[in-house]
Amino acid sequence: MAALPQNNLQKQLELFPAKGTSNKLSLQKTKSSVFTFKKKCSPNVSASTGFIPFQQHVLKDKNVNVKQDGTHTALPKATERNKINCFFTPVYTKSGQPPQVVALKDHVHGNDSANKPPSTEDAASKKTGINTSFGSVTSLEEWDDLDDFDTSVSPPKSHAGKGGKTPQKCKNTSPVASFKIQSISPEGPTTEKHDCAKLLYDNNEVASEPRKNLHAKTAESPDQSLVCLASVEPTNLERDMCRNTDYLGTDDLEHDQETLSQVLIEEEDDCEPDFIPPSPSDESLSSPPVLKVISAQRKHKVSSLTDVNDCENTTDHLQGQSVSTSLDSKVPSQLLTLMLEICDLVDKIPISELHVLSCGLDLKKKRDMRKRLLSNDSVFRSSPADSSTVSLTSCTSSTQNRDFNVNAPKGAESLSGSSVSKVFKFNKLAVHDIGTKESENSANSAPNFMEKIGNKTSFSFRAGGDSIMENSFNFHSSVLSNSRFNTPQNEKPISSSTCTRPYSQPIDDMDNPDLDFDIDNFDIEDLDDIHCLDSPAAPSVSSKNVPQYPTIREAQLDSRNKEKNTRNNTGDTTNPSLLSDSLLKPQIENPAHERFRGFNFPHSKEMMKIFHKKFGLHRFRTNQLEAINACLCGEDCFILMPTGGGKSLCYQLPGCISPGVTIVISPLRSLIVDQVQKLTSLDIPATYLTGDKTDAEAASIYLQLSKKDPIIKLLYVTPEKVCASTRLISTMENLYERQLLARFVIDEAHCVSQWGHDFRPDYKRLNVLRQKFQSVPMMALTATANPRVKKDILNQLKMTKPQIFTMSFNRDNLKYEVLPKKPKRVALDCVEWIKKHHPNDSGIIYCLSRHECDTMADTLQKEGLAALAYHAGLADSNRDYVQHKWINQDDCQVICATIAFGMGIDKPDVRYVIHASLPKSVEGYYQESGRAGRDGETSHCLLFYSYHDVTRIRRLIQMEKDGNSHTKQTHFNNLYSMVHYCENVVECRRMQLLSYFGENNFNPNFCKEHTQVACDNCLGKKNYKSRDVTDDVGNIVRFVQDNCSLVQGRGKGRSNNTRLTLNMMVDIFLGSKSAKIQTGLFGKGAAYSRHNAERLFRKLVLDRIIDEELYITFNDQAVAYVKMGERAQAVLNGFLKVDFQDTESASSIRKQKASVVTNTSQREEMVKKCQAELTELCKRLGKIFGVHYFNIFNTATIRRIAESLSPEPEVLLQIDGVTEDKLDKYGAELIDVLQKYSEWTLPVEDICQKSGGPANVSARRSNSDHDDESCDKSSYFSSNNKKGPKRKNSSYFGKSKKRKTGGDGQQSRSKNGNSSYARKNSTAKTSSSYISGSKTGADKRPGFMAPPMPQPNRRFLKPSYSMF
């Protein structure tokens, strides 16, 4: 291995310590020493053109160039450069020849002496692979920062390029630097020549023709590289370069060369441009200084000697090279075009529609993967017409040739090289010679794109400008014509757009050891949500137009796409509002959760198996997969999801996978029982420890937990049990010591916070779990927590670094409505509303007290509605009985309950939730109302509001013994937030709820766009006028100050009659005859209606202009008297203006929107009838098998089955939620019902469309936590079709459904068993017999016989384990 030469690197590191830590992709400041071009022409020696610095460098006396054999040579002999970090490649020159250093003056005045052309043997380039100098590569640990190399030293017999942020030496010389053929060393048969440099374009022939204005005709990009050829003739180019200086002048040329030297690029002939260019600074968005030179030179327009024929010849050469080389190139194969069109169509599919497809998840993953691959595939990520950046990437193979073309419109020159003529030819490319109008839109365009064909890589460059090229290098136009200054390779394009994307290493360059890319500087927070545009179309950008959205650039585009893109890019900029959602990158709510996405974890395989087999689900909801992966990775998690969002699965699925026991802490026994029943029905070992467990049952559970490998996976406990039971704590300590304590799950975590609506002291003491079990992960879940509550939960539970998963609080299928409450008629109003809107549906009525629950239930029963009361005053057995009857709709349609009911109850078909009294907080109302419509169907949330309830609730808060005054004030604030929600008759109800929880970016036109679920405020007529009522409010405040301030001595000895309630104030303000006081304020509000007057005084209370003080009378009644508020003085001083939304009349509030009567077709009536019959069937089967009827088929699945009206099993299996196992269990009865409606059967296509259509809201939400089943097509149904034609009158389910097993406790059936599984003339067959294609005939058409009787050994009725 070649040894690294000694140098003063350490000294440079000390001089420049900050470079290594800075961003390597930032633009380095211009150094004082720049390179210039000098030439010395000698009749005997080949001219050597190199980069000569103005001053000497500290590394001048050090030689970092070694030969490949590792030996050192002394200066000034030519040396071989060792490759450091793969940024330098070996140069083979013959030693003994001194470097040709010449003065700039000779170069400027243009010596016309000819050079001796090198021989073919000496000029032959030695091809080297990527790993040619691998042995001389120094590891990154030793050379981690090349920024400290300042190689502005005179390079001996070689040319300086740029490597990293410093110039790099390379074999090839850009024609920008010199268009001569240079010979550095004498002829030698064994040396690789570094002196023959010229442009190539796939071996295009270039004619030798004298040029008068080379400065105006060399449209060479700084990104282009040179390839050494054999036997080249330099004489014409030499004379052209010398002749060109007469037009420009010495000063201009020197200025140009000084500026251009900062962006020159050189590449070696092995197609491995090992260099790292400087990146543009973020703040350097202005035009570079060279543009000023170009602008000055535009005044000197020199006519070109190039004719149209030259342009045509060049165009012909371009057509034969590659698709990306010319605009007139042949259209690629139809297959490639078709594939690109398919990709474009897939990209245009909206995400909402993509999720509905059966393969939508996989297709979305592939589409995202394709976008990422395209974004990283090449630096040429823009569309062909996108000329906003200039960047270049290296080849992946050393055998690839670099071919360049500069197509300059209207005065620009086409520069190409040929291996045949060995000379350069400059052809003028006319605009009309181009097949498309692309050049007309590329006045300031940059390189278009790159396309790989075979083993070659073609670069197509387009220089812009009509007249800008005529007196300046075409290099100026192609690189610096736009407003940004870019350098190739690893450059980060600069854009004024707010949606810029950090540059990523191209995948094509992974084989190239370009190791200067600093991945540590990558910050995922820099990524925007809408920066990934996968459209090939992009606008043509000039120096005055910067694209709003950078595009992903596809590496392979045909000319058809180029022309299409050019035609579409006539606009200045891309309008973000016109971007399709399919082109936008899917929004990531939290980019930090990106590492938890996907299925590449060790637990993923087992997780998906349990997910499908145990829970019967096939698709995760939002944030579920990320939360589950984070939980299984041992992270603390805080999950904030709305009701019905699938919180339970986030800990139940990890609990089944993780070794050990998951402790779930839940506040209510009803919630615990419901969850455990559901898990055991899924054959998941779960149990609970509550106060109603007997000692024997508790001892059995503790015994199971003490075993070496406990069967129990999830243990549900109450917070009171955790805080009070020392036996439970010791059991958890034992599990912890044996590393069998998987995690703690705190459900309904809002109970932890004192700022929440349902604070419980025992929840707050759960922080002892973190103290005792520090290494055990913790998960907190809630559906209602504003930012303050969320922060308090994390603080109380000592979750320092949790993964926070949140979702939108919007429930798009709920309809919110507030009605005025008449206290004595509220029960009758509820009956009237239920009979009108949901006469046969399940619902909940929340009441404030136990007495109201009983009264409401009695009233409903008298009016003919099946209603039962549920509150804490009932015994546990009675509560369980009421809950079970209501869940299964067993003679209980409506349940009248306090707020303690329903938390976590998973009944999907609750069609309405009525609040007969005002809730205590917005959080409580959101949670309680969210128990409606969990199946995605439209449901109602009705609230009867009366301000009288405020006083009652205030008294309840005041009488609470727990908490201090600060806590009580928090509850008062929560209460008045709820009052504000009810009093606000202008703003959308949905918007108010979401704003309370901090979700302020919700669509304000949601209700207008979805009138079916629009709230009452959005549906009502906007007959509101904003009035300035500051004067009236001032009169009210002064009246209160004079009459109701006894404490301040202003009562003037008046009696208790000065204690005025809010209703008394309204009477006085309106001038009512029943007013207590008929002076002062009396009658000043006569212009107000009573409704508006009441609203005005409530507004003053909410705005704290006046306040209410609570008193308890001798009769133990709460009365609120008016007093001055904290903002009253501001009104009196004129510092506060009060606006009031005045309504025309109170009747507009009380009017209900009449239900729209639609003409239903006969088939729709049959669908409703069938749905009702199927629901009754599920209820009967649920009673028999001891499960909830919606666990047989959920309500959404029943609705889709009813819509199909098809008895065919093949059709039913295509419906979401219908599986083979369920058809085996319940198919016979289901088919019997559907056969009654077979004449109304829809085609299969319509059924599939209805069951999975994107427009159906319920279809998107129907996959509840444990109710969805995968709907893959059954194999045995398809095999049955091969056995022959199917009988018309005989159902598939006429044959036996028995499971024949031995005495192993599995399912079994005899011939005389249940009619659901045995028919009269059928024989016993196992399920496997159907899969194999066997079919048993039936002599008679099956009918609905006696309901099946459960057997004790059926596995879906009894878990496989037994612990009691």
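Cβ coordinates come from backbone N, Cα and C, glycine included.
Of the residues proposed, C982, C1007, the one Swiss-Prot records at the same Zn(2+) site as C988, C1015, C1018 is C1007.
Range with Swiss-Prot annotation region '3' overhang DNA-binding', chosen from 324-327, 440-443, 952-955, is 952-955. A simple way to gauge crowding: the CB of F620 (ATP binding site) has 19 other CB atoms within 10 angstroms, across all the protein chains here. Residues of the same chain lying 6 or more positions beyond the ends of the motif 'DEAH box' (747-750) and with a Cβ under 8 Å from any Cβ of it are 638, 647, 664-668, 671, 756-758, 763, 780-782, 784-785, 789, 793, 797, 903-904, 923. Summed and averaged per residue, pLDDT over the region 'Necessary for ssDNA and DNA Holliday junction binding' (1179-1196) gives 77. With DSSP classes pooled into helix, strand and coil, the tally for the domain 'Helicase C-terminal' (829-976) is 65 helix, 26 strand, 57 coil. One residue stands out among the binding-site residues T622, Q624 for having the most other Cβ atoms within 10 Å of its Cβ: Q624. In sequence order, R621, T622, A783, M807 make up the list of same-chain residues 6 or more apart from G645 (ATP binding site) whose Cβ falls under 8 Å from its Cβ. In the shown protein chains, 28 other C-beta atoms lie within 10 A of the C-beta of K647 (ATP binding site). All chains included, 27 other C-beta atoms sit within 10 angstroms of the C-beta of R934 (ATP binding site). DSSP labels the residues of the motif 'DEAH box' (747-750) in these numbers: 2 helix, 0 strand, 2 coil.
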